[in-house]
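As written in Swiss-Prot, here are the features:
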- 140: active site, nucleophile (ACT_SITE)
- 66, 69, 116, 119: Zn(2+) binding site (BINDING)
- 27-151: domain 'MsrB' (DOMAIN)
């Protein structure tokens, strides 16, 4: 089963009744505006099931933004097929302008987690096994954490 491809109008922050700094939004507020699976992955640091994300096989031209707050994360030009089960990107927008990297030693592994710098949503992980002809990095991102805006 493939999950929905979220669009700009699905961004959670835009559904709140008041304007707020995304870091000041309470978990109960996020839970009230985000679908259950998005909340579980983005706000509770979960992982969507591999090969089920709506953007795994999605290669239209445009940009990907954080589904919680709308911050720009990736351009479609950086997307590539990695076969890992999640959307893969070789670089983020503005050299991690809207992304924070955090050492993740959970589940007996040593990885680098990536989170949204604006709202602290868990996005996925970045690995050093990406295309050598670009950055050598592979951002492995949960589809449910992103919305897509098509480029005309």
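Numbering starts at 1 and runs along the chain as displayed.
From the backbone N, Cα and C atoms, a Cβ is placed for every residue, glycine too.
Model, not experiment: these values are computed from the prediction.
As a summary of secondary structure, the domain 'MsrB' (27-151) carries 24 helix, 40 strand, 61 coil according to DSSP.
Other C-beta atoms found within 10 angstroms of the C-beta of residue 66 (Zn(2+) binding site) number 27, with every protein chain shown included. If you draw a 10 Å sphere around the CB of the residue listed as 'active site, nucleophile', it holds 23 other CB atoms from the protein chains shown. Counted within 10 Å of its Cβ, the other Cβ atoms near residue 119 (Zn(2+) binding site) come to 23, all protein chains included. Taking the C-alpha positions, the distance from residue 116 (Zn(2+) binding site) to the residue listed as 'active site, nucleophile' comes to 14 Å. In terms of C-alpha distance, the listed binding-site residues 66, 69, 119 place 66 closest to the residue listed as 'active site, nucleophile'.
On the 0 to 100 pLDDT scale, the domain 'MsrB' (27-151) averages 94 in this prediction.
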